Amino acid sequence: MGSSQSVVTALQTVLKQRDLKIAPRTLQNFMKEVDRVAPWYACSGSLTVASWNKLGKELDRKHAEGDLCLGTKAIWKLVKNCLEDEACHPAIIESQGTLEEVQDSMSETERSERMGARKRKDMSKKKGPPQEVKKGGEKEGSYHSPLNKSKKKKKPESSQYPAVELEALELDNSDSDTLDSSEEGGLEEEVARYEEKRYHPDRHRPLKTKMNVRPPPINPAGSRPSAPPPYELRLNTGTDSFLPLEERRKIQMAFPVFENAEGGRVHTPVDYNQIKELAESVRNYGVNANFTTLQVERLANFAMTPTDWQTTVKAVLPNMGQYMEWKALWYDAAQAQARVNATAGRSSGHLTKIVQGPQEPFSDFVARMTEAASRIFGDSEQAMPLIEQLVYEQATQECRAAIAPRKSKGLQDWLRVCRELGGPLTNAGLAAAILQTHRYRDLSNRKACFNCGRMGHLKKDCQAPERTRESKLCYRCGKGYHRASECGIMDSGADKSIISLHWWPKSWPTVVSSHSLQGLGYQSSPAISASALTWRDAEGKQGCFTPYVLPLPVNLWGRDVLQAMGMTLTNE
């Protein structure tokens, strides 16, 4: 009987790991049936899947012969599901050790008695389980009716396990080894619900207890968990999230929420004893003592909110001055960690591509380089030698010349030296602006008027009366209303020929030249033919040239055409 009781204790430990509780009397009846069917299990069995499956085959054989009590197979299924669950592995190892100790202490006489008893039972077995009938028609050892059980039922003791207890199945605690059909069906339903909860956790709804009251905390009195338990999930259909139930439990542990019996979320303050012990440690040993540090580390095991930490520190420190100092340091550490979290893993490109602009201040360039390096390396102080080398190589020539004699002084000294370098207000910037202004002024004075031909103003600003066009066609070309003396002016000293925009076909393409024209007038970025043109004279001579196209009243033939014709410019 002692070995069977040890197996019952081991089974209770395994079932409690899955929040299942079966009455000890029911497990004892189950082990009696196991000892009758397979007495070898108490001697050499183990809490392994292979050994339990072997026991299941023995039970199936007896069930096929009609020699198995009701409810035995259902309890076997519950234990098998627990053995296959990885969450029950620690409890299984502990129970297996207890079972092995009992088996080792079992004498050879007891072993032989168990095996001999099995042989005697096998020889005297019948087709059905032995039952004796009393005069009243009631079978001996049978369970009482539900009506009688309600009268004899004792007040259940308060359990410290929040799962649904199997006493809701109304199993009797009598000495009978058999179960009636209703109890067998209830136990089978419990097995089905357990398997549904295990293999389909998202479809499972939390079962309500008899009194519809939130179960008590899991931990027994006197012990404290490492972190507060998360609030209970209230799932509807399981289709509102793609995450499995276990993953959602891990997410909730990041910031636990407490719920009361009605389901409302409440705030649970820090335990008074914890605060009292920490305050006494600070008062007796100081804030830097090892014992005080240990107390703080003990508090760190709990999932405390920022408000909880502030309240706790304010309560344990002796004065508000130390609290304000701690709060300032705490804020600095939180902001530093927030910056690290925000910039970690977000690089802004290659550091070699960050170059100081011509008009960019040296301080802005250093700030861009330091920010990019902190995003890549995390801590910019550790990468400071690399940052200094990149800043020196990719700064402007003026800044490099100022840094070179003080290259070993560090980045702060470089910022001080280059503070006045770069930007539009430097000597180089002012000189460039002055030269640019004088250049534009000189160019404006060298422009010629197309109306009067004088320098210093444009045609739109000319005060002279506008010249009228000739009313007759030119007798030389027969095309334009101009004088013959102005028709196709020959070499005027120009190197390139210029075609009047009036005679240039609109379908011929032009491009903007990168050179400027300067003679009697000035033209910046003039238009030039997009392709070379071919000219041919009356004598059969021909050549190629690329003329400029300007809004002139006449065409100007330059040396690029006249020299090919064999003409030269003389002063005769």
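Cβ coordinates are placed from backbone N, Cα and C, and glycine is handled just like the others.
Among the residue ranges 22-39, 292-309, 400-417, 472-489, the one that Swiss-Prot annotates as zinc finger is 472-489. Per Swiss-Prot, the listed range annotated as zinc finger is 447-464 (candidates: 87-104, 447-464, 501-518, 519-536).
Sorting each residue of the zinc finger (447-464) by its DSSP state yields 3 helix, 2 strand, 13 coil.
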